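Trainee: Quick one: this structure, given as structure tokens, is what I'll be asking you about.
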Amino acid sequence: MKVTFITIFPGLVEDFFKEGLLARARRTGKVKVETINPRDFAGDKHNTVDDLPYGGGLAGNVMKVGPLVAAIRKATGRRKAKNCRVILLGPAKQVFGQKVARKLTKYSHLVFVCGRYEGVDARVDKYVDMKMSIGEFVVMGGEVAALAMTEAIVRLLPGVIGNEVSLEEESYGSAFKLEYPHYTRPEVFEGYRVPRVLLSGNHKKIEQWRRKNSPSTKQTGNR
């Protein structure tokens, strides 16, 4: 899979892929990462990518349509392939989740358009396939959202996670709606004990316990 980030802060993206499983996925070719800076298409000596909004009323500037569309075309080519999806990050009805992550693994190229300032010119909508949010809260720009989505998607690709069975058992996987509580050594900590069934070695009862406790993330330690 190839992932392209259209961003005025390419360093944020590059740093994210320097550690952990994503670094290994990139190193082994499971994912290819590209950054494209809209400033390269600004067309003026100041590399301006934002301007005052028509109609006023906003506290800040809006990202200009021209540099963003040029960056999108650079990423996709004039004829966008069918196995490519261009995603604009920002306020949207569609909220990213695990089901969407699984669907997006089917594409070989994802392009994330990362807005900044007070948002992007609404005409950019005509050049993207999807508008998506990661929740009802505000961050400084689309990079954080794009990187969170990328990690959720890439870790589902074959060979990225060592134990792929664990993908089915974790939160929002297909086996359980919400992940069951986890415990490790010591068996007792400040009076809180690991549930005895997990120490029993009875795999059937352990699975029943996990299914019973999976709908809640509340820890159920016993004194």
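Cβ coordinates come from backbone N, Cα and C, glycine included.
Marked as domain 'tRNA methyltransferase TRMD/TRM10-type' by TrEMBL: 1-215. Annotation comment: TrEMBL describes G115, I134, G135, E136, F137, V138, V139 as S-adenosyl-L-methionine binding site.
On this model, are these features tucked inside or out on the surface, and what's nearby?
Mentor: In the three-state DSSP classification, I134 (S-adenosyl-L-methionine binding site) falls within coil. A sphere of 10 angstroms centred on the C-beta of I134 (S-adenosyl-L-methionine binding site) encloses 18 other C-beta atoms.
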Trainee: State the count of C-beta atoms found within 10 angstroms of the C-beta of V139 (S-adenosyl-L-methionine binding site), not counting that atom itself.
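Mentor: Looking across every protein chain shown, the total is 12.
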Trainee: Using a 10 Å cut-off, grab the number of neighbouring Cβ atoms around the Cβ of E136 (S-adenosyl-L-methionine binding site), all chains included.
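Mentor: Other Cβ atoms within 10 Å of E136 (S-adenosyl-L-methionine binding site): 7.
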Trainee: Please state how far apart, in Å and to a whole number, the two most distant Cα atoms are among G115, I134, G135, E136, F137, V138, V139, the recorded S-adenosyl-L-methionine-binding residues.
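Mentor: Site span for S-adenosyl-L-methionine, by Cα atoms: 16 Å.
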Trainee: What residue among the binding-site residues G115, F137 has the most other CB atoms lying within 10 A of its CB?
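Mentor: Result for the most crowded candidate: G115.
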Trainee: Counting only residues 6+ apart in the same chain, whose Cβ is under 8 Å from the Cβ of G135 (S-adenosyl-L-methionine binding site)?
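Mentor: Counting only residues 6 or more apart in sequence, the Cβ neighbours of G135 (S-adenosyl-L-methionine binding site) under 8 Å are V95.
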